[in-house]
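**Q** Can you read through this structure? Questions will come right after.
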Amino acid sequence: KVYVACQSMLIVLVGAVPEYHIDQEGIPTSRAELAKRIHFADNFTSIVTEASTSWYLIEQEAYKVSLASSLFFAGLLIGNITFGPLSDKLGRKPVYISGLFFDVVFGYVTALAPNYDTFAVSRFFVGIVNGGTALVSFVLTQEYVGKSFWSFTGSLTNLTFAVGIAVYALLGYCVREWRYLALVSNTPGVIFLLLSFMLPESPRWLYSQGKTAEAEDVLQYIAFGNGKERLNLKLQPSAGTLRKDELAPGILNLVKHPVLRWQTIILMYIWYVCSFVYYGLTLNAGELRGNLYLNVALSGLVEVPAFPLCMFFIEKSWSGRRKTMTCFLIFAGFACIFTMFLPTNAGLLLSPTLLALCGKMMVSAAFNIVYIYTSELYPTVLRNAGLGVCSMSCRFGGILAPFVPSMKSLSPSVPFVVFGISGLSAGFLTLLLPETLNKPIAESIEDLQSPKYQVLKNEETE
């Protein structure tokens, strides 16, 4: 996740615009002449300051920085859609390692790009493999451990992403030349790729595919790593094991099965709102001025307190996953709404920025829970597909959030009302989902027919 965070935040520093001025003597007749008249501050370099005339992304060419960022998020969306079903069918480990390999390759293409077009295209492909690899690695991490540890591993995974943002800011502070920064931030991927070959396949996935002998071998390997002697275990065949003439479950099963259909619709909206409110608060009220690297670090560190809060509440029987996520989303919604009532010149304790950062912490907590919660709601055979579809809707929230500030032309409070209502609605919709704390994990679609796995209660009909 540290590596994923560095790749995700790359454009923030690599695409930053340093201070510059243009000599106004005469009117430049070409981009080459314009390039000679531009004088950038020498505190750091970026794709904006690249000396070649095919770069110099200022004035009419400034939109290309945002375009490269949009291409990355478009790639994330595609990766979330494709990698989930692939790993459900082919296995977690091969899809994860393949994605990480191409993530590293395209990361180096980004750093060595001879022109903007190559840079932009490489960012698109980095987005595809980065988003897919992050999704599969999260599921793989969860399926290595027992369900009682899912809240811990899920929170730790997301916490590491927030820390990774701060690590990237530190790298940017130490390495001011953008190509070297891209190379340095991409190199840890090589180390993680080599280490990943030591990882076993997910025992849950193997079991769901009817490969009980291989699943037993993995469990023995894990037990040996935990310092235990060889276990005498024998797994019963999974009820959902496919016959040779059957097709593996896919995304269409999320629509065909009534329980999964309504569950997916609600979760997609919750994921969308988490992303929408998170980035909206960042753009609207988190406009920190001053040191660029400090601002990037704070954007990650402000999320750190959210994770211990998650781990405390979601494991309590009186709160659990559902109630805790409902409260965090509602608090984030109220934080948005209350922000519009505070004057901009209020003291520190009543500062709209401070309240917005609190709201961001709350929605970050909800974001963390929804990863864990979604993993527990879907059966193993569809877990990656479900997470992929939900992550796809999450990307739409991130894409739309930057456009909401333009609604200030109607009224300064309109953006906060939009974010507030979104958070509140998602919080109340969460109550329609079941609690998963201390409940069994479904391995197959057939398990959902059992009363103990019911997700959304259907109205009784005569």
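Including glycine, each Cβ sits where the backbone N, Cα and C put it.
What you are looking at is a predicted structure, and each value in this text was computed from that prediction instead of being measured.
Features from TrEMBL:
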type	residues	note
DOMAIN	9-438	domain 'Major facilitator superfamily (MFS) profile'
SIGNAL	1-16	signal peptide
TRANSMEM	62-83	transmembrane segment
TRANSMEM	95-114	transmembrane segment
TRANSMEM	120-140	transmembrane segment
TRANSMEM	152-172	transmembrane segment
TRANSMEM	178-199	transmembrane segment
TRANSMEM	262-281	transmembrane segment
TRANSMEM	326-342	transmembrane segment
TRANSMEM	354-373	transmembrane segment
TRANSMEM	385-404	transmembrane segment
TRANSMEM	416-433	transmembrane segment
**Q** What stretch of 62-83, 95-114, 326-342, 416-433 shows the most Cβ pairs under 8 Å to the transmembrane segment (354-373)?
**A** 326-342
**Q** Do the transmembrane segment (120-140) and the transmembrane segment (385-404) come close, with at least three CB pairs under 8 A (pairs 6 or more apart in sequence)?
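**A** Counting Cβ pairs under 8 Å (6 or more apart in sequence), the transmembrane segment (120-140) reaches the transmembrane segment (385-404), since there are 3 or more.
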**Q** Should the transmembrane segment (262-281) and the transmembrane segment (416-433) be scored as in contact, given a threshold of at least 3 Cβ pairs under 8 Å and pairs 6 or more apart?
**A** yes
**Q** Residues sitting near the transmembrane segment (178-199): Cβ under 8 Å, six or more positions beyond its termini, same chain?
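**A** Sequence-remote neighbours of the transmembrane segment (178-199) are 2-3, 6-7, 10, 13-14, 44-47, 49-50, 93, 96-97, 100-101, 103-104, 107-108, 110-112, 140, 168, 171-172.
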**Q** Of the listed stretches 62-83, 385-404, 416-433, which one has the most C-beta pairs under 8 A with the transmembrane segment (95-114)?
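**A** Against the transmembrane segment (95-114), the leading stretch is 62-83.
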**Q** Report the mean pLDDT of the predicted model across the domain 'Major facilitator superfamily (MFS) profile' (9-438), rounded to a whole number.
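**A** Its mean pLDDT is 82.
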